[in-house]
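Before any comments, here is the structure.
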Amino acid sequence: VSVDCSGYPKPECTAEETPLCGSDNKTYRNKCNFCNAVVESNGTLTLRHFGKC
């Protein structure tokens, strides 16, 4: 399972609720929040699955 995070990080994310579960066992609100975190982690954060953890 993967998400295309090209074009990130973005300065602001919407409040859209489309949860993703990261490899850090944290639920991210949406793709934007998740991709920003992926960039911050230098690519060490990956997608565990779609939906809440």
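Positions of Cβ are set from backbone N, Cα and C atoms, glycine also.
Cβ-based neighbour count (10 Å, all protein chains) for Cys5 (disulfide bond) stands at 18. According to Swiss-Prot, the disulfide bond annotation covers Cys5-Cys35 (among others).
As annotated by Swiss-Prot, disulfide bond applies to Cys13-Cys32 (among others). Around Cys32 (disulfide bond), the same-chain residues at least 6 positions away in sequence with a Cβ under 8 Å from its Cβ are Tyr8, Lys10, Cys13, Thr14, Glu16.
Proximity of Cys53 (disulfide bond) to non-local residues of its own chain (separation of 6 or more, Cβ distance below 8 Å) is seen for Cys21, Gly22, Asn25, Lys26, Thr27, given in sequence order. Sequence annotations record features per position, and here Swiss-Prot assigns disulfide bond to Cys21-Cys53 (among others).
Counting residue by residue with DSSP, the domain 'Kazal-like' (3-53) contains 10 helix, 9 strand, 32 coil. Look at Swiss-Prot and you will find 3-53 tagged as domain 'Kazal-like'.
Annotation source Swiss-Prot lists N-linked glycosylation site at Asn42. Less than 8 angstroms from the CB of Asn42 (N-linked glycosylation site) sits no same-chain residue that is six or more residues away.
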PLDDT averaged over the residues of the domain 'Kazal-like' (3-53): 97
